[in-house]
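Report on one structure; see the data block that follows.
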């Protein structure tokens with residue numbers, strides 16, 4: 001007697017099962033289509049209601065905001081109308097980008113948040129491109145659109161007038177920028193995720209301040225301000241705390257539970273707050289001496305970070321923006337948000353041979369930094385007439401020669417003098433597979 005499993009009708013899936021499988025397949029296809037092909041991260045299932053599409057709700061809210069502005073904003077104030085119009089334009093662009101852009105490398109607090117960050121980067125780049133085609137005087141006048149108090153030459157401020165190492169001088173050197181130094185290097189530690197690289201770049205930036213003090217007076221600091229206050233106090237504190245955060249999230253066991261599965265109110269609140277922490281953590285193993293591509297890639301990465309650091313000092317000097325102004329703070333905060341997914345995408349492109357395309361966040365950030373540099377070069381004509389001191393030229397020439405000499409030694413001479421097993425050997429292949437994970 002044949003069993004039930006031999007019956008073709010019994011073995012065939014029911015109509016309900018076929019419909020369920022079809023819905024699951026459509027959802028998977030839709031998720032893969034809107035997701036970056038480099039990461040293939042699925043949406044966080046613990047808060048499913050957050051990840052449902054809300055395009056109609058967003059459309060209604062956007063139109064309601066337009067209706068309010070159209071009915072209740074004073075139409076006789078041209079400046080106010082222009083600001084409202086630009087704000088509405090940016091809002092529409094961000095909303096459309098959130099709906100249409102691909103997901104980036106992060107899923108917390110929500111993929112839509114990082115799509116909005118990418119949209120803000122695009123808006124900032126478009127503003128920079130517009131500024132690039134203006135004259136220096138027009139650029140300074142544009143800043144008055146954001147704040148009418150701007151547009152006036154700033155007084156030159158130097159921190160190197162009295163360099164005697166006394167308690168009074170050290171106390172006078174402590175201001176709000178001490179906190180800015182610590183917070184800045186805390187953020188850079190989260191971006192770089194490597195203790196040695198953070199320290200190298202911290203020291204390199206102080207050397208750049210020495211080298212560019214003839215152009216920017218606020219780089220003219222006392223030796224103890226450079227090394228005691230900046231490097232070994234503020235930068236050390238920021239790097240230490242930032243790397244502790246990295247170690248905590250690296251060692252953490254990620255076990256996520258849905259809010260509905262948690263019974264206590266305190267547990268639900270804790271889980272809701274955890275939505276703003278990483279879903280998982282990727283430790284960066286930069287390994288700059290492993291191969292020549294790594295060495296060039298880490299040099300390029302370091303140049304980008306130094307460019308992001310220096311650009312803000314030149315832009316605020318050329319556009320007459322005080323260091324404590326909200327525009328400077330906003331630019332630094334936005335660049336931090338831009339850099340988090342950009343560094344993740346850069347590391348993926350840098351370390352994974354199977355990754356053939358640079359991510360959108362990383363691409364946009366590189367374009368943004370280069371555009372800022374072009375604005376500085378254009379607006380800086382006639383501003384920095386003093387030539388570079390000969391010691392500065394000699395020092396950086398030696399640094400460049402050392403980098404070239406090390407690369408020739410490490411990647412040309414060493415493989416010929418002390419050859420290692422070929423990449424086809426089992427041990428070498430295992431190491432490569434581990435590196436790519």
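The chain as shown is numbered from 1 upward.
Keep in mind that glycine also has a Cβ here, set from the backbone N, Cα and C atoms.
Annotation comment: TrEMBL describes 1-20 as region 'Disordered'. Residues or ranges marked as transmembrane segment in TrEMBL: 51-72, 84-101, 113-133, 295-314, 326-343, 363-381, 393-414.
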Region pair the transmembrane segment (295-314) / the transmembrane segment (84-101), three or more CB pairs under 8 Å: no
Same-chain residues near the transmembrane segment (393-414), Cβ under 8 Å, at least 6 residues beyond its ends: 207, 211, 289, 291-292, 295, 299
Long-range Cβ neighbours of the transmembrane segment (363-381) (under 8 Å; 6 or more residues past either end): 118, 121-122, 124-125, 128-129, 131-132, 136, 139, 304, 307-308, 311, 314-315, 318-319, 338-339, 342
